[in-house]
Structure formats: structure tokens, C-alpha cells
């Protein structure tokens, strides 16, 4: 008998008369042999000895679990980070689209407040002390539906934008990580993947952002989304939808790089086995969003200025956006609405990641079960 508990191929322990305790280095394990059967310390069946091939005299052992197994089969754990071959892209896109729509729709009232609080020269009726004061004033003076005016155009843009966003991020992240450190996570790869995904995301979202922010402003002259679209095309041309694109990329590229690197780093700490863990996704998403939002607030103020074309700033709007913001409010102007931005981004990114990971897990689980059923039918 060898030390690892397996019988040497040349042992002749197949005789039913054999009934003795194991000796040698394996004796401490408490295994016994009875009639060619390997028994545990409690007498439970552990393994048996079976011939390699019919007609051969040599035997090998087949070692089973020492603990008694339940009658029902245990379903193997699903690795939802390693998606089924050929289904990964569609899964990421579907999960990302749902996550993006839910994130933007649920947090839209706070986004409306953020846009107004970033106004460089707000009108007297749009001066707010904080986020809750802004929401109360908007509902009291403009109606209960005013904080969600324009949410429909954002939902239309968020679906395809986030579908490409997450699919691109996951594809580049895994490809680049394998090239840099095979089998491990790379923060550099996470950052690069986030930057590349942002370029696609913003290309789709920028027109929706322009319309959304025009609708959100105090005393917005537009009757609805279609009226806003038509007015922009007639008076400012198609270029108005991408006037802030470069500024938005300047803001979102560092935002998303910092966001994704922080999220993946926190996941390594809170969820090292990278299983589906809702609490870790929520906490990691919220902290990553808060850090990235606070850091990039100055760029967000410039983007809002370019998107809304405020009347008070129209005479200097063609100058560099940073210079315009500084001339109109100094350094503090770059951090207007930072509280609303952080309050918006923390639950927003938490919702986005938790919903994305949840749907990715559910979709992958169903694909996995379908694949098992297909293999079983063969």
C-alpha cells in the first residue's frame, strides 16, 4: 500500500478473504480493506478495487469521497466570469443594456438637480442650498413630473450605449490581461479597457445628453423631446449634438479609467474568488463611482456649460471652456454641484454594477444549464 492511499498496481488484494488494517505510512488515515472494498474509519464505503481491463491480473484502486454523499447530484458551481463560448458578447450586451437603462432612469431626478446646480449664473428661481432643497423647490414650483422631464430620450440612448460599453470593456479587459499577465487581473488592462469603452459609449450618449440637459434646465423653452430635437437642428445644426463630445471624452476617459480600476481593485479585496456577490458589487460600485465623480467634477461643469449654452455665457462660449468657467466663477466654479454629482454617482454606479452582474449571472446560468441539457441528450 502506498502512502497516498492508493493500492500499488501489483498488489493482489482482490481476494474476498482479505480482511486487515492498512499498515505503513497510510495507517494513520484509518482506512481498512474488506473483501476488496476500501472502508473508512467508521466502516463506511470509500472505494473499491477494479480490474484495468478484462483478462488482466493487475488492479488499481478507485478512490471515492470518504464522506457519504447525498442521493441528489450536486450542481457544479457556475463560473459566470467565464461565459459559454460564443455567447459572451451577447450576454454582456444584454446585461449592460438593462443595467444602463435602470441606472439612468432611477437616478434621473438627482441628475436633473446636478445639471441645475452646475449652472454658472442661475436664475433667482433656480438657486438651491443642497440636493434635497432643490428637489423640494422643483416639485413645489414646477410640478411633480418636472424632475423626470426628458428621461425618455436618456433611456433610448442608454440601452445601446451601455450594451457596447460593457461588451467592449469585458472583451478588451480579458484580452489585454491575458497578454500582460496571463491568468491574472491587470489594473492597466482595466484602465485601457474602460477608456476604449468610453469612446463608443459617449459617441451614442452625447446627443441624448445634450437633449436631456436642455430639457432639465430651469425655464426650459422646449415642449418636449421632439421639439427640442427639431429646434436644435434648425437653429444650431447637427454639430450641436457633438459640441461637447471632446470635452465629455476628456472628462469620461479619466473618470472611467479611475472608475474601472477602483472597482476591480475593490473586487479583489472584497470578492477575491470573483463569484456573484451582490453586496460586494454594490459597495465596490458605489465607492468607485464616488471617487471618480469627485475627481472629475471640474470637467463635468465644462461639459454642462457646452451642452446647455447658457444665455449668460453665450458671448464667451467660443473660448476655451475651462477659461470660460474660470472667468465666470473662479476656482470654486469648477466644483459647482460636486455634492449632487457624488450623490448621483454613488447609487448610480452601484445600481449599474449590481444589475449588470446579476443579469450576467442569470443569463450565464441559463446558458450553462441549457448546454448541460444538450450534452445529456446526446
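Any Cβ shown, glycine's included, is placed from N, Cα and C.
Just so you know, TrEMBL annotations never went through curation; they're auto-generated.
According to TrEMBL, the region 'Disordered' annotation covers 1-21.
Over the repeat 'Solcar' (87-175) the predicted model carries a mean pLDDT of 89. The feature repeat 'Solcar' is assigned by TrEMBL to 87-175 (among others).
Taken from TrEMBL, the feature repeat 'Solcar' covers 185-269 (among others). Helix, strand and coil residue tallies for the repeat 'Solcar' (185-269), in that order: 71 helix, 0 strand, 14 coil [DSSP].
Per TrEMBL, repeat 'Solcar' is recorded for 276-362 (among others).
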